[in-house]
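**Student:** Below are the features I grabbed from Swiss-Prot:
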- D382, N384, S386, D388, E393: Ca(2+) 1 binding site (BINDING)
- C42-C73: disulfide bond (DISULFID)
- C46-C66: disulfide bond (DISULFID)
- C55-C86: disulfide bond (DISULFID)
- C94-C117: disulfide bond (DISULFID)
- C128-C135: disulfide bond (DISULFID)
- C137-C157: disulfide bond (DISULFID)
- C237-C261: disulfide bond (DISULFID)
- C272-C279: disulfide bond (DISULFID)
- C281-C302: disulfide bond (DISULFID)
- 36-88: domain 'Kazal-like' (DOMAIN)
- 91-157: domain 'Thyroglobulin type-1 1' (DOMAIN)
- 234-302: domain 'Thyroglobulin type-1 2' (DOMAIN)
- 369-404: domain 'EF-hand 1' (DOMAIN)
- 406-441: domain 'EF-hand 2' (DOMAIN)
- N224: N-linked glycosylation site (CARBOHYD)
- N384: N-linked glycosylation site (CARBOHYD)
Amino acid sequence: MLPARVRLLTPHLLLVLVQLSPAGGHRTTGPRFLISDRDPPCNPHCPRTQPKPICASDGRSYESMCEYQRAKCRDPALAVVHRGRCKDAGQSKCRLERAQALEQAKKPQEAVFVPECGEDGSFTQVQCHTYTGYCWCVTPDGKPISGSSVQNKTPVCSGPVTDKPLSQGNSGRKVSFRFFLTLNSDDGSKPTPTMETQPVFDGDEITAPTLWIKHLVIKDSKLNNTNVRNSEKVHSCDQERQSALEEARQNPREGIVIPECAPGGLYKPVQCHQSTGYCWCVLVDTGRPLPGTSTRYVMPSCESDARAKSVEADDPFKDRELPGCPEGKKMEFITSLLDALTTDMVQAINSAAPTGGGRFSEPDPSHTLEERVAHWYFSQLDSNSSDDINKREMKPFKRYVKKKAKPKKCARRFTDYCDLNKDKVISLPELKGCLGVSKEGGSLGSFPQGKRAGTNPFIGRLV
């Protein structure tokens with residue numbers, strides 16, 4: 001099940017995230033209705049029988065289940081609303097979905113997303129979830145556009161999505177922080193930007209902090225006033241379940257996910273969100289979701305004993321002494337340095353003239369947030385693109401560390417600490433290692449189980 005830091009995911013926002021990924025492995029740049037009627041798999045012969053109408057989610061009445069299945073083959077998102085003809089056959093998809101959402105919103109436990117429709121019945125270009133403050137751009141069919149969600153402000157959705165070519169000039173300033181996206185990719189693959197799913201927006205704002213960051217912020221903000229020892233504590237599934245049940249009792253409208261536990265404090269390999277019908281695979285020891293495993297109304301096939309890889313034994317920096325740093329202060333120092341780097345990366349991306357002459361390129365979507373920070377700063381320091389930071393390039397690094405990180409005593413020999421093999425240069429793996437950045441869950445090398453102390457540095461910056 002999702003760990004505590006992401007269990008506040010509201011049901012309909014989870015659905016929004018799923019819609020951001022192409023369904024069923026199809027990689028199309030246009031609506032599914034463009035599939036030809038001559039396509040045999042989607043054109044089964046429907047025998048003439050007594051009509052048994054079905055009202056579907058596109059607002060149309062289908063005369064039989066066979067005709068409905070034919071339409072669903074072309075549009076996998078199509079669903080049955082009720083048996084019988086639609087009450088208003090001329091009702092648009094947006095108005096139908098809005099009516100359904102308003103009906104569901106009457107239930108006190110649901111924080112429902114209600115779509116906004118134009119005078120002609122089409123979806124308005126900007127849609128918002130009033131309960132969380134998130135807004136995003138949608139296609140004419142109402143599908144959320146990857147990379148467009150913002151919180152507490154209106155996204156810039158300029159013109160029809162398919163009318164605007166992909167711009168190259170601003171590519172260095174646009175970053176899609178799509179950490180959560182691959183979790184809900186139905187075919188397990190990474191999201192593929194297309195003309196439909198990756199539009200270009202005017203303005204200088206960073207595109208799409210995902211709801212993954214939103215819930216990291218919620219979780220990490222709760223750790224702000226706790227000491228480092230408490231923030232490192234690994235909670236068992238039983239503890240997380242009790243905490244979730246208590247939060248669900250206090251906040252029944254938030255759609256909180258309740259983890260299912262196995263003996264010994266472990267998580268069951270399959271976790272589900274009952275309100276939405278979504279299930280996914282997790283690591284049984286941490287509850288961390290596995291990307292690409294989310295399904296709806298179908299139980300995913302999960303490994304029964306998938307566990308987090310132990311990096312502590314392979315981390316040469318874990319017990320490495322930082323000369324001059326007071327005992328027990330290394331973690332605090334590295335946390336403050338990483339937070340400062342994160343802040344500067346966001347400001348650089350969001351500025352009209354990024355540092356380094358616009359050298360920041362679209363990051364690898366498989367990277368964690370802290371990996372992206374490490375890669376970004378390494379590219380700033382490596383001015384000659386030699387894939388290492390030499391003695392000359394190390395000077396601004398030393399000045400930065402002394403200025404930004406605390407306690408100051410830990411900064412004096414930090415570059416020596418990073419130079420693991422003592423060859424007088426710092427490689428990218430060495431920089432990531434001394435910053436405690438690891439593939440699994442962000443900062444694991446220096447921060448046990450990936451839990452960093454203090455406030456998440458993206459509060460107020462990415463959302």
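Glycine residues also receive a Cβ, built from the backbone N, Cα and C atoms like all the rest.
Describe the structural surroundings of these features, if you would.
**Tutor:** Taken residue by residue with DSSP, D388 (Ca(2+) 1 binding site) is part of a strand. Around the Cβ of D388 (Ca(2+) 1 binding site), the same chain contributes D382, V425, I426, S427, L428, each under 8 angstroms and 6 or more positions distant in sequence.
The number of other CB atoms found within 10 A of the CB of C42 (disulfide bond), across every protein chain shown, is 17.
Contacts of C66 (disulfide bond) defined by a Cβ separation under 8 A and a same-chain sequence distance of 6+ are given as P44, C46, P47, in order along the sequence.
Note: C86 (disulfide bond) has non-local neighbours C55, A56, G59, R60, S61, L96, i.e. same-chain residues 6+ apart with C-beta under 8 A of its own C-beta.
In sequence order, P115, E116, C117, G118, G121, S122, F123, G142 make up the list of same-chain residues 6 or more apart from C94 (disulfide bond) whose Cβ falls under 8 Å from its Cβ. Annotation note: C94 (disulfide bond) sits in a helical segment as assigned by DSSP.
Summarising the environment of C128 (disulfide bond), the number of other Cβ atoms within 10 Å of its Cβ, over all protein chains shown, is 20.
Secondary structure from DSSP puts C157 (disulfide bond) in coil.
Close to C261 (disulfide bond) in the fold, though at least 6 residues off in sequence, lie S236, C237, D238, R241, Y267, K268, each with a CB less than 8 Å from its CB.
Long-range Cβ neighbours of C272 (disulfide bond) (same chain, at least 6 residues apart, Cβ-Cβ under 8 Å): E260, Y278, C279, W280. DSSP assigns C272 (disulfide bond) to a strand in the three-state reduction.
Close to C302 (disulfide bond) in the fold, though at least 6 residues off in sequence, lie P269, V270, C281, V282, L290, T293, each with a CB less than 8 Å from its CB.
Looking just at the domain 'Kazal-like' (36-88), the mean pLDDT is 75.
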**Student:** E393 (Ca(2+) 1 binding site) has how many other Cβ neighbours within 10 Å of its own Cβ?
**Tutor:** 17
**Student:** For C128 (disulfide bond), find which of the recorded positions C73, C137, E393 come within 10 Å, Cα to Cα.
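**Tutor:** Within 10 Å of C128 (disulfide bond): C137.
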**Student:** Whole-number Å distance between the CA of C137 (disulfide bond) and the CA of C42 (disulfide bond)?
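**Tutor:** With distance taken Cα to Cα, C42 (disulfide bond) is 30 Å from C137 (disulfide bond).
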**Student:** Cβ within 8 Å of the Ca(2+) 1 site's Cβ centroid: which residues qualify beyond D382, N384, S386, D388, E393?
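**Tutor:** After dropping the recorded site residues, what remains is L381, S383, S385, D387, I389, N390, V425.
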